[in-house]
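Written below as structure tokens is the structure these notes are about.
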């Protein structure tokens with residue numbers, strides 16, 4: 001029967017022999033990264049259904065986009081080779097592959113592959129709404145967690161289950177693959193923060209999508225006035241209400257309050273004028289005086 005962990009390691013006892021054991025580290029990292037499978041699938045399907053593909057002229061830098069994709073594929077490839085080498089390092093005999101290695105291989109391969117597809121969709125397919133030049137929070141969080149989990153072996157420098165001793169060719173190979181995987185993952189995160197593959201000017205992209213009838217966008221021009229008004233409102237919303245500038249938001253709220261007060265004053269001012277006039281007549285010029293001076 002295939003064991004999930006080696007004999008001297010356990011998922012339920014993560015800290016042993018002065019560090020985290022590889023079984024717990026691999027299971028934890030693969031389980032956390034697998035949580036992004038559903039968001040990635042949703043993002044890919046949503047962009048494929050409602051987004052439109054743009055030309056390379058509107059993209060920021062296609063070469064850097066492909067470099068970003070290459071780093072993601074290289075990180076996945078280094079991890080796959082690392083797992084195969086780990087199977088030969090940690091065990092011997094017939095059952096060379098333990099369950100946690102298969103689990104890590106399947107989950108990480110799935111999550112990293114979907115992250116590459118989601119990255120490509122975000123850079124090539126866009127929606128007809130303005131957006132900030134950055135990747136989705138799911139991709140940024142995925143890359144950040146991948147970097148954090150890649151650094152977990154540093155907590156186990158004194159654990160003999162790892163390859164820090166470098167006393168064999170297999171240990172040296174594992175260490176080299178870990179360094180390669182770490183460099184690729186960090187590079188992927190840096191590229192994700194810079195976002196070189198996203199379009200530079202989303203206003204140009206929006207105009208291209210709404211006015212280029214040759215690409216099948218003529219239906220936008222035939223929509224109703226209400227729909228065009230809503231699209232223009234969505235276009236102006238980031239400028240009227242910027243999420244990152246609290247001062248402009250405060251000014252917008254203040255102006256809105258002034259407009260409401262102005263409408264209220266204009267509504268009640270005729271009523272107040274009438275009441276003030278009646279009060280002045282009854283107080284300063286009583287009815288008796290008015291009747292006394294009234295001509296016969």
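Any Cβ shown, glycine's included, is placed from N, Cα and C.
A TrEMBL annotation is a machine prediction, not a hand-curated record.
Quantities reported herein were computed from a predicted structural model and do not represent experimental measurements.
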Among ranges 2-22, 65-85, whichever one TrEMBL labels transmembrane segment = 65-85
Taking all residues of the domain 'ATP-binding cassette sub-family B member 6 N-terminal five TM' (4-242) together, what is their mean pLDDT?
-> 80
